Amino acid sequence: MVNMRDNGSPYEAQMEEPLGRVPILSYGSGHMLNDITSSCWFTYLLVFLTEVGLSPGDAAIVMLSGQLADGFTTIFVGELMDRFGHFKLWHAGGSVLVAISFSSVFGSCIPCKLMGTNSSTLETIGYSTFASIFNVGWAVTQVAHMSMVNCMTSNPTSRVSLVSCRNAFTMVANLSLYGIALLIFTLLQSVSVIVQYRWIAYVSITIGSCFVVIFLVGTKEPGSIQHSVDKNLSRISWAYWFKRVLYYQVALVYTLTRLVTNVSQAFLAFYVIYDLEMPQSSKALVPAIIYICSLIVSVILQETRWSSWRLKLYFSAGAVLWILSGLGIVLLPSRLHNVMYAISIVIGAANALMTVTSISMEGVLVGEDLNGCAFVYGSLSFVDKVSCGMALYILESYQGSTQIASNLGTVFGYSVTRVGLGLVPAACSLLSALVAYTMDLPDTRRRPLVEPLLA
């Protein structure tokens, strides 16, 4: 399908102009609440739920219910956004749901208080309900934020810069979470672990909400200001995307990339403590090194002159780095655990390369077909969330116990943590690189940004 805009119109000229530093930074800040709560979700939720009395299996069900709610929501939200636009309104509504429900996920079991009982079944249902509400709000915010990229500018370099800035703020959010956790664990040693986790969640919500306000104030609404959603054009049907081979290729690459980052994050802390027998501080230090390296690479990528072949090349480079890292993780003996710090540097670079380029491939897929961009981002996010939820649930079912090292299960002779952190990301990286190699991406060469983003 081709948009029938007049060639050389003032609108097209404006859309092709590179974006400056302020709109890019303002846009990037809009996902901070999602990112910091997501990092808390994957890092501390399972531990928190087992601390309040849920079994590892029930805790995995809570996480799976949230991931499924997230995945299914993205499909319908994407369609509604394609119909009605108003991305900032959707973003604000989703952020409110995230802030309220996430505080309840890490709060006490509200249904248990209302019913006057603490049965494990009711606890599982109660936490699963708020986990689902949280992920519904998270999905609404994510799809709205990602869909704005193609509507803010048609300049490919600026689009990649928007994605790169968003990814940089993701790294800042993750680092902020570990800084908050370290501070709370140090200052609140006299209170219970459950209270500590709740304070981590509350402080994270407060910081993330401040950045949401910055985004809403500093970012223009694409639909009303730039008229990027053209009401005179016929809407793109779902069938149009399903007939494009590139849609399935990008979907597979994006989903595999998300599996690499999410599954590895979920098992990183267990790996460094139980498999490598590193100090407790490594649970914060190793992830921090990964995110710092990802942040540095993300900033460097903002100055790249992007083209289709470079997207594929950079993505493949990140995949190769993750394959090498995965093999190192599987084979690394505990007596050489300090090597993990070097491996974490490589993982950080690989995460940034794969994440920035895979999301940018979504922008290339959408191209100028702006009236269907929300469906593309929503449908791909659906596959991402469901696949990640199922992968974590299956691995958790093998693990058995997340707190007692002697009870950790094995897969193919290796601990579940080695499989989850090493083999699974390496296999996904290999498959995604092969798919990226077969892509026939349209040429997207443009001039770089007028001014450096973070100079």
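Here the Cβ of each residue, glycine as well, is placed from N, Cα and C on the backbone.
Remote same-chain partners of the transmembrane segment (89-107), defined as residues 6 or more beyond its termini with a Cβ less than 8 Å from a stretch Cβ, comprise 30, 33-34, 37, 40-41, 45, 48, 77, 80-81, 127, 130-131, 133-134, 136-145, 197-198, 200-202, 205, 208-209, 212, 215-216. Look at TrEMBL and you will find 89-107 (among others) tagged as transmembrane segment.
Positions annotated as transmembrane segment by TrEMBL: 168-187 (among others). Sequence-distant contacts of the transmembrane segment (168-187), counting only residues of its own chain at least 6 positions beyond either end whose CB sits under 8 Å from a CB of the stretch, comprise 28-29, 31-32, 35-36, 39-40, 43-44, 196, 199-200, 203-204, 207-208, 211, 284, 287-288, 291-292, 294-295, 298-299, 352, 355, 454.
Within its own chain, the transmembrane segment (199-218) has Cβ neighbours under 8 Å at 22-23, 26-27, 29-30, 32-37, 40, 44, 88, 91-92, 95, 98-99, 102-103, 105-106, 169, 173, 176-177, 180-181, 184, 188, counting only residues six or more beyond its boundaries. The transmembrane segment annotation in TrEMBL covers 199-218 (among others).
Residues or ranges marked as transmembrane segment in TrEMBL: 245-272 (among others).
Sequence-remote contacts of a segment are chain residues at least 6 beyond its ends whose Cβ falls under 8 Å from one of its Cβ atoms, and for the transmembrane segment (284-301) they are 43, 160, 164-165, 167-168, 171-172, 174-175, 178, 181-182, 265, 268-269, 272, 278, 314, 340-341, 344-345, 347-349, 351-353, 355-356, 453-454. TrEMBL lists 284-301 (among others) with the feature transmembrane segment.
Taken from TrEMBL, the feature transmembrane segment applies to 313-333 (among others). Tertiary neighbourhood of the transmembrane segment (313-333): same-chain residues 253, 260, 271, 276, 301, 304, 339-340, 343, 346-347, 349-354, 356-358, 361, 414, 418-419, 421-423, 425-427, 429-430, 432-433, 436-437, selected by CB-CB distance under 8 Å and a gap of 6+ residues from either end.
Summarising the annotation, TrEMBL assigns transmembrane segment to 339-361 (among others).
Sequence-distant contacts of the transmembrane segment (373-395) (same chain, six or more residues past either end, CB-CB distance under 8 Å): 60-61, 63-64, 66-68, 70-72, 74-82, 135, 139, 142-144, 146-147, 150-151, 236, 238, 241, 247, 250-251, 254-255, 258-259, 262-263, 266-267, 362, 365-366, 416, 419-420, 424. If you look up TrEMBL, you'll see 373-395 (among others) marked as transmembrane segment.
Sequence annotations record features per position, and here TrEMBL assigns transmembrane segment to 415-437 (among others).
Using a Cβ-Cβ cut-off under 8 Å and counting only residues 6 or more beyond its ends in the same chain, the transmembrane segment (415-437) has close neighbours at 249, 252-253, 256-257, 259-260, 263-264, 266-268, 270-271, 274-275, 312, 315-316, 318-320, 322-323, 325-330, 350, 354, 358, 361, 391, 395, 398-399, 408-409. If you look at the transmembrane segment (245-272), the same-chain residues 6 or more away from its ends with a CB under 8 A from one of its CBs are 39, 42-43, 46, 278, 282-283, 286-287, 290, 315, 322, 329, 337, 340, 347, 351, 354-355, 358-359, 361-362, 364-365, 376, 379-380, 383-384, 387-388, 391-392, 395, 402, 408, 416-418, 420-421, 424-425, 428-429, 431-432, 435-436, 438-441.
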